[in-house]
Amino acid sequence: MDFYSSLLPFLILIYLEFCSGFNRVCYYNGWALYRDSEHALKPENIDAFLCTHLVFAFGAIDETGTRIYVPEVFEDMHLFERMNELRHRNEDLNLVLSVGGWDMGSEAWSEVLASKDNMQTFVKEAIVYLRLHDFDGIDLDWEYPTFRGSKPIDREKFTQLIEIFRHEMDIEETPDDKWDLCLSVAVDPSEYMSSSSYEIDKITKNIDFYNLKMYDFHGHWNDPVLVKHHSALTSSSSLPSVNELAKMWVQRGVPKRKINIGIPFFGRSYRTAQPNATIGDPALGPGSDGGIGIPVSNICHLIRGGTKEHYLKEENVPFIVNGDEWVGFDNPRSVREKAALVRNNRLGGIMVWAIDMDDHSGWCGEKFPLMMSIIHGLGEYVDYMSDTLEAEREMINKKIRKAAREISYYSDKGNSTMAKKMEDKLNQLKDHLSAVQAHQSVQWANVQYSAGLGGKPLPSKDTPSWSW
């Protein structure tokens, strides 16, 4: 082997470490379709280039512990098919099914783990289900092994389930690597919960990545109930933060590429005993949302309406006070800074819960402002715009090619009237393409200019969000 050949494996590792893109894992809550018209998000209205992985939440497990299913209401709305349509715009988009969630609890998972036969059957049936509905992978979101009725032995058994998944996925015959299914696990990243629920070293070997829920560090469920931000970026105390937990997971020996940092697109609220409460003050319970979380698309309305936004210096995250309600959340600035943490430390990427909670309608400004902030923070804005503009041109080119085929067809059939009609349509499409290309050239110049400045600059922290 010559010197240059011996360098090849090393160079490949360098490329994978520093040149490959980041994961942008976006959970999509199926129930988002049933919100009021302004906040409802249909699958077809999702920008197909915002995410590398679009994760449907949630699939459930039947009473036998051997099969996955989704509520009939989702099947009736053909949500899977509508999500698949996004691939016509972006063929590289990965569609993933997340199974579990908080509402499902532990009982169904324990049924899966009841025997080795159950686990084998569940995994094989799951793979069939994924292939039937054209999913690219599965995300296991058990909340949480060894808790909520789950036995201590389930920690070890969950590892066994994951090992069976890995084995069955590896032996599945596929045309090429692009068809391989991916396997991820959504976890509570705190030291106590993750150590109690998971055999991290064994699981890590068998999954593609972790989706770390870097939120809900605090909330109305704590005793005593104190006002605290639920997703602090940094902290000078012993309180959990995104920065410290990310370090902990790397120190555990988890490869950086397998760590996706979770960002909440919702706020956590408290009803306070006194107005203008601050961090550490006692709270009476959850705020007006009843503890379910307030979508950022709602919070931006309040800020645009004049509610003053504040910033926590130690935690580097924002909050608002609305009467006796205190709400901690993430805004475009804090989201971008969390994404920059991922970029600077070469972690695997970002996970968001959930894309349907972003301002997808553009009521407060640009559409999907938090996702766009993530793209800027990861340094992927140029690639995103390149893909988006190319897809826009390709849609028109497809219509041009179709019109050309129809001209040929009608000419061969001797139908000059229809051939002329198609020629007119073809000319209109070509004119439209020229106009789009002219507009895109201006857009691209602005993109390049912004990239030369290091990305869209952040204003001062005193500048209200959704005003820049």
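Positions of Cβ are set from backbone N, Cα and C atoms, glycine also.
Feature list (source: Swiss-Prot):
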{"type": "ACT_SITE", "residues": "GLU143", "note": "active site, proton donor"}
{"type": "COILED", "residues": "386-440", "note": "coiled coil"}
{"type": "DISULFID", "residues": "CYS26-CYS51", "note": "disulfide bond"}
{"type": "DOMAIN", "residues": "22-381", "note": "domain 'GH18'"}
{"type": "SIGNAL", "residues": "1-21", "note": "signal peptide"}
- If you rank the disulfide-bonded residues CYS26, CYS51 by how many other Cβ atoms lie within 10 Å of their Cβ, the lowest count goes to CYS26
- Message: Going by DSSP, is CYS26 (disulfide bond) sitting in a helix, a strand, or coil?
- Response: strand
- Task: Measure the Cβ-based neighbour count of GLU143 (active site, proton donor), defined as the other Cβ atoms within 10 Å of its Cβ.
- Result: 21
- Query: Any idea what the Cα distance is from CYS26 (disulfide bond) over to GLU143 (active site, proton donor), rounded to a whole Å?
  - Reply: 19
- To the nearest whole angstrom, what is the C-alpha distance linking CYS51 (disulfide bond) and the residue listed as 'active site, proton donor'? 24
